[in-house]
2 protein chains.
Amino acid sequence: MKYNIKHLKEGSVTSAKGFMADGVHVGLRYNKKDVGMIYSEVPAVAAAVYTLNKFIAAPNIVTKESVNAERTLQAVVVNSACANACTGKRGMDDAVIMRRLAAEKYDIPEHYVGVASTGVIGEFLNMEKIAKGIREVAPEATTEGAKSFEKAIMTTDLIEKYTGYEAEIDGVKVTIGGCCKGSGMIHPNMATMLGFITTDANVDKDALQRAFSKITDISFNQITVDGETSTNDMVLLMANGMAGNNLLSEDHPQWDVFYTMLRKTSEDLAKSIAKDGEGATKLIEVKVKGAKNDADARAISKKIVGSSLVKTAVYGNDANWGRIVSAAGHSTADIDPSKVDVILGDQYMLKNSEVQPFDEEAAKEYLKSDTVYIEVNFHLGKGEATAWGCDLTYKYIEINASYRS
Amino acid sequence: MKYNIKHLKEGSVTSAKGFMADGVHVGLRYNKKDVGMIYSEVPAVAAAVYTLNKFIAAPNIVTKESVNAERTLQAVVVNSACANACTGKRGMDDAVIMRRLAAEKYDIPEHYVGVASTGVIGEFLNMEKIAKGIREVAPEATTEGAKSFEKAIMTTDLIEKYTGYEAEIDGVKVTIGGCCKGSGMIHPNMATMLGFITTDANVDKDALQRAFSKITDISFNQITVDGETSTNDMVLLMANGMAGNNLLSEDHPQWDVFYTMLRKTSEDLAKSIAKDGEGATKLIEVKVKGAKNDADARAISKKIVGSSLVKTAVYGNDANWGRIVSAAGHSTADIDPSKVDVILGDQYMLKNSEVQPFDEEAAKEYLKSDTVYIEVNFHLGKGEATAWGCDLTYKYIEINASYRS
């Protein structure tokens, strides 16, 4: 790897120095863990991205307030089963109380605490159980602690989603790790995605937010399961500086090392959500090249990977490239329909907008793989982007058409 | 009805004076009719709307050229089974030949002919069979002729889609009728929607196109089955003036009568496509009120009716209003999340953004109806719009995941 960055097989939110985590079961749901906490030994520089849904949930508003105060967080408390969204004034009060209880537990300022919720929209939090959870969680700097946290934030997720990397910066070991939940805003009223990334790197506040915003656009914002943006989406990044490297910002000679670690961590987590998209049997990766610019490439790639027709064709192992072209043409981006290439796996379906003969059977076999790669080149400019999604299956309908109970 | 406009139970493209139609089977597909023709005794003023897909198909380009020449059409030839899209130069030549053959059959200028195709993308037309079809069609001014045409343009449609109205203008009877095909761009590589509307009204060219563009935005452009826009979408409107009314334009005292007839015709056809959306078991009608403006209302209503989560919830008879709110919040329109009403059927789910207690069982029963009505009021302005769609079912996956053959 270019920067000699090492992937950590068991990477998680507790991989970085000074970070602890835990999750407990307090009965917000039948038998799964439902309240989780991440705690840093020392205050950490914080960066965040929030849902663009206009019905932003109370916990997101409260966390935004915390982060904006000093861009410093030391603890994050999360619950599953209830999203505390569309809950009006009482919901806001509950989110504030949830934050206060966590702050009191650690005797830290309230604005050092972030809160996140995921679950049913339009229902109120059971504050007794939330309080019990905050009392009982005992974060520890172990993989077990991270696993408990990962379990506590899952909703319809079938697998825990975690990753981590380490590299040397200024001669010291810098570690980053994270976890997330989400598999489409799918199960009745369940909210989409929460992500938590921790690093012991010593990073400048502004540089961290700039990098994180940029990376979110090419990772978390490039996945789609069902085209829905939930009321509770949030990704939090905490950097506590305990690695002891010199302050990192764009002009640090090894900035690119840290930037790449953060990008890889975000991309791993984003892809893990797409792959676990609900009902999904395979990951679809769409690479767009030769677009007018990167923004166009992002729009087109996401349009293709989000097309119900492309998704069902992939599920049906149908090399149905006409749907790929049609989805691309349906996006807002500039394209010249007269010089487009479409590649499925390694076979050209369309070259310079002329139909190519291809091996249907080989294509059908290829489509049975875990990951299906689609490449579209518009030969217009240098714009490139990748988007990730999943196939659309009977299981998606089954899960989402099932009655809430 | 306000203008004393009469709905014609058997309204069709041959209802208006001077219009004839037919459809024949020439083997483009196994046993269904596959080539259709509409012919007007006299040249007719033409208005049209075309797909916004950037991979616009050859027949659409050729028809656009015809209409733009004089905005006059006398014949329209249509084939199913092959879309003649993404077929490069040869596809363009074929569409031009198809137009010429129809022009020669009736000895009219080539630019008096419109052509349309629907079917598989990326395959070439069998011109021998197309020629045979153009030779064999024998349009007649009967309901049978219209039915033959309706059958010839169907792809995955389960039912023929037709409507018509008549009213008195300037003391003479003016008739309008139409048909369309489309049930989502769904069957492997099948293209979405074609619409044909004929009227014997005497209408000014510019006024006709203005009215048709305006009406398309609130009818055909307000339906969605799977959010896809095909390469071949087109709606053609022909007005041959044989009713003998005075020239209609916005300043004619009875302009509103004609405008309303055209709107109703377009709305009927649009809704019939949504209702026959593939795999659909019910029609979903979403009415948005109190938006900042009509454009916002159109965007929000279409976002809601197009949401996979709303569509699956409706299929599952699940009064899952959280999904409606989330979809609305996900649209580009301005909204104030603090004062929103959501009504399902006649029950409030959300009022002034506060959760309302409602009868789950009654809601579940209501969701079993053929047409599900959802109303969202944002209390922001006077913006209103309605959008139509259908539920998302196992059948949709079955049809679209099935291999092309």
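Cβ coordinates are placed from backbone N, Cα and C, and glycine is handled just like the others.
Noted in TrEMBL for the protein shown:
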- B:T155, B:K181, B:T192, B:E278, B:N400, B:S405: substrate binding site (BINDING)
- B:T192: active site, nucleophile (ACT_SITE)
Filtered binding-site residues (B:T155, B:K181, B:E278, B:N400) by Cβ distance under 8 Å to chain A; hits in sequence order, or none, are B:N400
Given the binding-site residues B:T155, B:N400, and counting only Cβ atoms in the protein chains shown, which has the most within 10 Å of its Cβ?
B:N400
CB neighbours of B:K181 (substrate binding site) within 10 A?
30
B:K181 (substrate binding site) - helix vs strand vs coil (DSSP):
strand
Local Cβ density at B:E278 (substrate binding site) - other Cβ atoms counted within 10 Å
24
Tell me the coarse DSSP state (helix, strand, coil) of B:T155 (substrate binding site).
coil
